[in-house]
Amino acid sequence: MQKTPLEKASIFSQIFFSWTKPILWKGYRQRLELSDIYQIHPGDSADNLSERLEREWDREVATSKKNPKLINALKRCFFWKFLFYGILLYLGEVTKAVQPLLLGRIIASYDRDNEHERSIAYYLAIGLCLLFVVRMLLLHPAIFGLHHIGMQMRIAMFSLIYKKTLKLSSKVLDKISTGQLVSLLSNNLNKFDEGLALAHFVWIAPLQVLLLMGLLWDLLQASAFCGLGFLIILSLFQARLGRMMMKYKDKRAGKINERLVITSQIIENIQSVKAYCWENAMEKIIETIRETELKLTRKAAYVRYFNSSAFFFSGFFVVFLSIVPHLLLDGISLRKIFTTISFSIVLRMAVTRQFPWAVQTWYDSLGVINKIQEFLQKEEYKSLEYNLTTTEVAMENVSASWDEGIGEFFEKAKLEVNGGNISNEDPSAFFSNFSLHVAPVLRNINFKIEKGQLLAIAGSTGAGKTSLLMMIMGELEPSAGKIKHSGRISFSPQVSWIMPGTIKENIVFGVSYDQYRYLSVIKACQLEEDISKFPEKDNTVLGEGGITLSGGQRARISLARAVYKDADLYLLDSPFSYLDLFTEKEIFESCVCKLMANKTRILVTSKVEQLKKADKVLILHEGSCYFYGTFSELEDQRPEFSSHLIGFDHFNAERRNSIITETLRRCSIDSDPSAVRNEVKNKSFKQVADFTEKRKSSIINPRKSSRKFSLMQKSQPQMSGIEEEDMPAEQGERKLSLVPESEQGEASLPRSNFLNTGPTFQGRRRQSVLNLMTRTSISQGSNAFATRNASVRKMSVNSYSNSSFDLDIYNRRLSQDSILEVSEEINEEDLKECFLDDTDSQSPTTTWNTYLRFLTAHKNFIFILVFCLVIFFVEVAASSAWLWIIKRNAPAINMTSNENVSEVSDTLSVIVTHTSFYYVFYIYVGVADSLLALGIFRGLPLVHSLISVSKVLHKKMLHAILHAPMSTFNTMRAGRILNRFSKDTAILDDILPLSIFDLTQLVLIVIGAITVVSLLEPYIFLATVPVIVAFILLRSYFLHTSQQLKQLESKARSPIFAHLITSLKGLWTLRAFGRQPYFETLFHKALNLHTANWFLYLSTLRWFQMTIEMIFVIFFIAVSFISIATSGAGEEKVGIVLTLAMNIMNTLQWAVNASIDVDSLMRSVSRIFRFIDLPVEELINENKNKEEQLSEVLIYENDYVKKTQVWPSGGQMTVKNLSANYIDGGNTVLENISFSLSPGQRVGLLGRTGSGKSTLLSAFLRLLSTQGDIQIDGVSWQTIPLQKWRKAFGVIPQKVFIFSGSIRKNLDPYGKWSDEELLKVTEEVGLKLIIDQFPGQLDFVLLDGGCVLSHGHKQLVCLARSVLSKAKILLLDEPSAHLDPITFQIIRKTLKHAFADCTVILSEHRLEAMLECQRFLVIEDNTVRQYDSIQKLVNEKSFFKQAISHSDRLKLFPLHRRNSSKRKSRPQISALQEETEEEVQDTRL
């Protein structure tokens, strides 16, 4: 970044912002990059600002312990500068009130009785022009200074909130949703940036009104208050319209949220949507919601339109009501008329715009400050103190809960019970109504391990394994008992966390660098081969969340980070997730057992082979210690431990049915305490009154729940995953929006708060920060492609040598040469690479083609043109009124002069005769009435048509996205796509229609005023032409740079929130490693990068505003002197010319800003058009109409063979020379694969992590760019439509897709099957008993991706879809990866019966799941080898033989089992299910 010229700029350059000219010229000539942006001033750096505010906040907390106020800390930091710029702003506003006085004196000097003052008219004109210059020199620096202070306040509070976030306790994090936190940083704090300039008008506007009313009293006496009274009534009317608009906005919020939730789910699971051929069904569902949303959008738009148009047309009535009473009583002069008009313009702005906006700004700002103040006082994390004298880790009778403390609970309970009129004397009331709060996650835990021992912790999902580790780290505070441990802790989380940076930086993580230790850890964690394949080895830069890595690679890097740190205690929470058998066994042996042999280790695992090698085994069951001791003691004392470990005693229907009790605990109550109490007390599915009978929603079963139910107030719908309080309309109205353009994976997508589609309960699953920390957000589907497109940075490449583990890597003395501290200073180039951004490279300005496509997108374009002409004629009628006044006023002047009317009290020309007065009065009233009739309603068709255009564009974009090839989604993030449906669609719905209307109206007002001025004084037209030309050239010159600066600001905005989300996901790791200062530095760097862009944008914008005003001042000087020099004795002509010139000056400047805003908003339209123009997959058979497509069955008649045959009939599959890549022309991921499958054959697909198993299944469905040929029952995929081909397959994907909607819709979105058929299939797959428990059964609405269902139940839903499809080929992608044994047995049973005649292709890591397969395909090096039996496979592939356990080998080789039958039998121990990331997501930690 370049050094800012502001530091060396002169006072003149700073006042006129001419120091920005170099960047403006550079942006006009070429494309700007981040390197072209100027460095920030040290006073604007996040470090300095946050330090100042933090110091003052700490002082406030120390001095006001009971009730510290954040606003007091802000005052001490920014008050005096804020006051100084407020005074400048007031002085600038005062000049507006003085200008009409000089205008009146100029008009008066042209009266025939004041000819002696004619000579001073030029001096008065010079004074009037000087007032414009003074106003310009006062207002623009004041506005810029206030924007600057607002920016500094936002930065300081940004940093303060981030620092506080890193200190929050886990209990607090469990109560705060990610959306609330991001909304606090984005929507709320943005109000300071530009809103602060309006804050002073809360006192400036009243003073302005007092001054103006005093001056108007001097002119019109009491009649002046008539106009003021009208303005006050108008303000109240606008306030009423504002409340109506908020009502429509609130109603619309639910529909917008519903649409975005389903849209995000579709985008997130687009591969499943295409595999199921659900594109048309999903499009119909979303368009139905969109129709209801647009009805409310139109109502809100009409109200906003009337609110806006009322301001434009109020000017006539203010002048009319002020002048007419005075005219009727005393008569009036033209000087008074024109002076009153000028005063009324200023008065109208102060009363109807400035003061209400200022009040709203203070209301919003104080609300935000109170929110932040409350946030800063929340409970902080307290690290567990350790005893250096002890050498062991021990727990004595430890209990803990993620809920509130017992004391807090009873205080709240008493308050709630008293509020509900329940007797305090009944102690059972507490436990019957509030049992949810006190259920501990851990109870009476006792164990002790000595230094150097390995403790293995096992248990079922939700047993409390991770909570136990959190308690050792201090994240969970024990409610009873004692914990002892010594020294430093290293931690490997179950959800692998990757920070933005190189692979080496992720592993070293700020610890002193030792090459020998580093290489040893790399080898032990099986990372050598993976790193060697990266283009820059371990210096490859990893993006957000490790998006360029596979799940297994992320898990191994996360483990390597923990192992590299020299600690006294290592906490390893299920570190082997998503690892294949061979890799898992090697890492456990070489790393956990050998490399860390002398360290104290606590390993969470459920593998029996690993339990055997542990020194001690601790088995948890429902939060209690089920067993503690050695493994041999476990076999002797608890031979049935395997079933307890898994969490299911029996596989009978009753036990399977009780699973629903567990899965229904995943909602948090979102209502008032009384609702909570009634919900718990009744223990029933209570519905609200206005439910319809067709749709049901989520339920809450609170019985026996050990999960957290938090009492929360209702929040607004969450938008774009990060906004829970503000709607997109509000977002679009701000010039600055810190909502990230590219959100991070799944965490960025909106979570379902509620769906107003029918019955709903007052419950929802809250996406808390703690949930975010215990889940993964990176889709596994695009790993292979993303790896090949990793952003890299060139650094020195380490040589990897074969390191032995003979030496203890932790006890070596490090030489000075080998120590390398990770620097706290982060280079901006590194920052750009760490936070990968896919922002489009758009042209600096919106092209005319975009405008043309936008206006012609709807058939009502001709009506838009007609109404534009109506607008023009109305403006001409308004301007013509002034000419009528002039023409009819001349006879009146002569009449009063000749008749020497005695009633005249002054010497000025006065309208007093009945003829002249009534004539002019009727003309004015007639013109005003026509303006009211034509003006107020003239824009409605325009607004209506533009909203219809938005509807058409949304429909086209949705269709294009759903039918785009998968290669589009492999190169585009889900967050970017969702932004088009949320942010950009909101702009089209809410802001763009009224912005276009305002711009059209302002331009025509200016044209009308210029026309009148030119007719009166033709010489003025000569001065108007160069002004208009200068305006057009200056606008074009500025737009080239400003739009690029906005793009750069948007790019710089994303890393701020990406870093926040990254920090939240890895917060436990950050605390365990003590790297909070490093991440604060990284956050400040991201803030500074954004500040540099935003400050430069504000500076260039202010330069543009000042330059325009300078041009207008020159124009007004020319108009003034031309009119004075050529007017002779006509005061009326001078008055009209100067009044309209002032009006032109204000209106044209407004129009310039409006044109820039419209151009900026049209960029959203341009982005939508680029999505509409996306390439389309092979088109569906166009000969069929839409109804036939929607109702089409999943079995097709083969038009290519015989009409009487059904295709597919057998399921025979032949693959010939199949090659595949993710994008056209990209690297080949599968090459020349050929094999054939017989009908009904079961085939197992094997391979290491990332070998391409899922890729091959995707290639079968034509989801990739493929070459070669596949035939099913003799029909080639090249001769059949794409959707027909896909419907030949039944699919159970690795990533389960449940969209928000009824169970019926999730099973049969096309509505083809009857209830009897659907219930029969659900019973067949084991879902019937669960569905029967839901109110409404098939009509029960699943929210938030089916949060009330376990992952196993979701798999069964997918299985039911496949059964309904009647497909002949079934593809299963890792179906047992996340399943409990019950669900796995159900799937195996269903495969035997429902798919007995089908060809089954099963992709699995575990050999146990493949025992029933007849053939096997092993993927190695992008090719496939076939094996006829698993025995042959194990014999030829030695690493498979090494990876499987002894018990599995007994299953695979029955001959070996018979030969060893004489040996002493031992209790059979089945392999324990490995916990995975998806299961952890379902636990409440």
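The backbone N, Cα and C atoms fix where each Cβ goes, glycine too.
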Problem set entry | Identical membrane-side domain name, Ile483 and Ala1125, from Swiss-Prot | no
Problem set entry | Candidate annotated as N-linked glycosylation site in Swiss-Prot, where the set is Asn48, Asn802, Asn900 | Asn900
Problem set entry | Candidate set Asn894, Asn1217, Asn1232, residue annotated N-linked glycosylation site in Swiss-Prot | Asn894
Exercise. Near the transmembrane segment (1101-1121), which residues from the same chain, at least 6 beyond its ends, have a CB less than 8 A from one of its CBs?
Worked result: 16-18, 20-21, 24, 122, 125, 128-129, 132-133, 136, 140, 143-144, 1013, 1017, 1020, 1023-1024, 1027, 1030-1031, 1034, 1038, 1042, 1137-1138, 1141-1142, 1144-1145, 1148-1149, 1152-1153
Problem set entry | Intrachain neighbours beyond the transmembrane segment (300-320), with Cβ under 8 angstroms and 6 or more residues off its ends | 227, 230-231, 234, 237-238, 241-242, 244-245, 248-249, 252, 337, 340-341, 344-345, 347-348, 352-353, 729, 924-925, 928, 931-932, 935-936, 939-940, 943, 947, 989-990, 993-994, 997-998, 1001
Exercise. Do any residues of this chain, six or more beyond the ends of the topological domain 'Extracellular' (218-223), have a C-beta under 8 angstroms from a C-beta of it, and if so which?
Worked result: 322-326, 329, 336, 339-340, 343
Problem set entry | Segment-segment contact (the transmembrane segment (1019-1039); the transmembrane segment (1136-1156)) at 3 or more Cβ pairs under 8 Å | yes
Exercise. If H, G and I count as helix, E and B as strand, and all else as coil, what does DSSP give for Gly459 (ATP 1 binding site)?
Worked result: strand
Exercise. Under DSSP, the topological domain 'Extracellular' (321-340) has how many residues in helix, strand and coil?
Worked result: 17 helix, 0 strand, 3 coil
Problem set entry | Intrachain residues whose Cβ lies under 8 Å of the transmembrane segment (79-99), provided they are six or more past its termini | 128, 131-132, 134-135, 138-139, 141-143, 145-146, 149, 196-197, 200, 204, 207-208, 211-212, 215, 342-343, 346, 1142
For this session: Could you give the residue numbers and ranges of same-chain residues that sit at least 6 residues beyond the transmembrane segment (197-217) on either side and whose C-beta is under 8 angstroms from one of its C-beta atoms?
Result: 85-86, 89-90, 93-94, 96-97, 100-101, 143, 146-147, 150, 224-225, 227-228, 322, 340, 343, 346-347, 350-351, 354-355, 357-359, 361-362, 365
Exercise. Helix, strand, coil residue numbers for the topological domain 'Extracellular' (218-223) per DSSP?
Worked result: 6 helix, 0 strand, 0 coil
Exercise. For Gln494 (ATP 1 binding site), what is the secondary structure state per DSSP, taken as helix, strand or coil?
Worked result: coil
